[in-house]
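Only one structure is covered here, and it is reproduced in the block below.
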């Protein structure tokens, strides 16, 4: 890892053209190739293998199904007030996720660069919207998602110890913080350990989903349908309530765009990418609707709203005396989602640090363990900050508001490039009505809660996103480097404590 690798990296830096996107530079240094040997700086071996149709479907299903289906049913029902509208919202969220994923499929096969929304925004609108996306992702959407999942884990892990009442908030938040610390340590110590943990927890996730669905089908066959009579009675339908219900439902579907991060690793992506989406997301939608139907076979709307942990209540009524299985496996499922989120988002922080969007120390890599330990630790610390003041529903609204701004903007980029970048090849070309529908729904989701039920959280979110403009002008456009200088003592201590070095020193 000596001078040759350093010269090679420096040569790449010097040959970089002015005005080129940051994502283009990433493609030079860490571009993933089919069945190539992974560089030590990004040692996630599984992503370097060719991913076929079945693997693509499993990746979508495994990524989406996490904590959301065990947390959001209560919030969705609370916003619409009745069983019928609740089930319709769950199905509609699945349809919207499918349409959005099809838009991303066209973008992903048209612009084959890693980085999700970043290169699409860069190509359509230039560097400023792309930077604002990375700024918001690093400091709002990714860590708040991590915090939500760990709070969900804490609620289900603590529920059996407080039968008949809600666990104290201090217990939930301490458990969530402990989960973040453990996951952060695991992913900082070893990629293989994090990968093995993820495989085990994914299997546990599918077991509990299967148990709930099969139990619900059996109960329906036995005639447990009384809670579905007059299913639209007492519903509270308004633009604001529907938008907030969509926020909570779409949170459970988050991850529908993950295949865009591995387009280069898909076998025959022009066929398998859209097929994986068309099969995978409707499969998740069916699972989610069936799980909600299972909940309503044993709980009335009032009982579901009063339940602190919906799946635990379901298990107590259906699986007794083996009801302990439900909170155990739900906890496995949520911690698995948190582990996967930490694994991927930690590397996003690492890339941002390497490219100058965050402190340089965040691009350092552990010499012994070959993990971006400083980036993962930073990500975990930000997530703990989100846990302290927030509850799950507030964080979900905060997350969904921010993320749908950029989802809508990214889909708008698809329409814009139909006119401004006609020369680009489009192996997948979806009907223009699909992105138009997604954009209109995105506008509704973003504006409706602000207009009908304004809260300060939305204002804070907008101000934070716009504050990225100041950061961009000072530290990207004018390249002020005083934060790097101030952080030098911290960097020196981290190098000694964690045995980390700059990424280029361990790049082959």
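Every residue, even glycine, has its Cβ placed from backbone N, Cα and C.
Keep in mind that TrEMBL annotations are predicted by a computer and have not been checked by a curator.
Per TrEMBL, the feature region 'Disordered' maps to 1-39.
Among the features that TrEMBL reports, compositional bias 'Basic and acidic residues' is placed at 10-20.
If you look up TrEMBL, you'll see 21-34 marked as compositional bias 'Polar residues'.
The transmembrane segment annotation in TrEMBL covers 47-70 (among others).
For 82-108 (among others), the entry in TrEMBL reads transmembrane segment.
As annotated by TrEMBL, transmembrane segment applies to 170-191 (among others).
The transmembrane segment annotation in TrEMBL covers 203-221 (among others). Nonlocal intrachain contacts for the transmembrane segment (203-221), taken as residues 6+ away from its ends with a CB within less than 8 angstroms of a stretch CB, comprise 62, 65-66, 69, 287, 290-291, 293-295, 297-298, 311, 314, 318-319, 325-326, 329-330, 332-333, 336-337.
What TrEMBL lists as transmembrane segment is 275-298 (among others). Within its own chain, the transmembrane segment (275-298) has Cβ neighbours under 8 Å at 53, 56-61, 64-65, 69, 73, 83, 86-87, 90-91, 93-95, 97-98, 101-102, 105, 209, 212-213, 215-217, 219-220, 224-225, 227-228, 252-253, 256, 259, 304, 310-311, 313-314, 317-318, counting only residues six or more beyond its boundaries.
Taken from TrEMBL, the feature transmembrane segment covers 324-350 (among others).
Sequence annotations record features per position, and here TrEMBL assigns transmembrane segment to 370-389 (among others).
Marked as transmembrane segment by TrEMBL: 395-416 (among others).
Positions annotated as transmembrane segment by TrEMBL: 428-451 (among others).
Annotation comment: TrEMBL describes 457-478 (among others) as transmembrane segment.
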Ranked first among 370-389, 395-416, 428-451, 457-478 for CB pairs under 8 angstroms with the transmembrane segment (170-191): 370-389
Long-range Cβ neighbours of the transmembrane segment (428-451) (under 8 Å; 6 or more residues past either end): 96, 99-100, 102-103, 105-106, 109-110, 239-240, 242-244, 246-247, 250, 270, 273-274, 397, 400-401, 404-405, 407-408, 411-412, 414-415, 418, 458
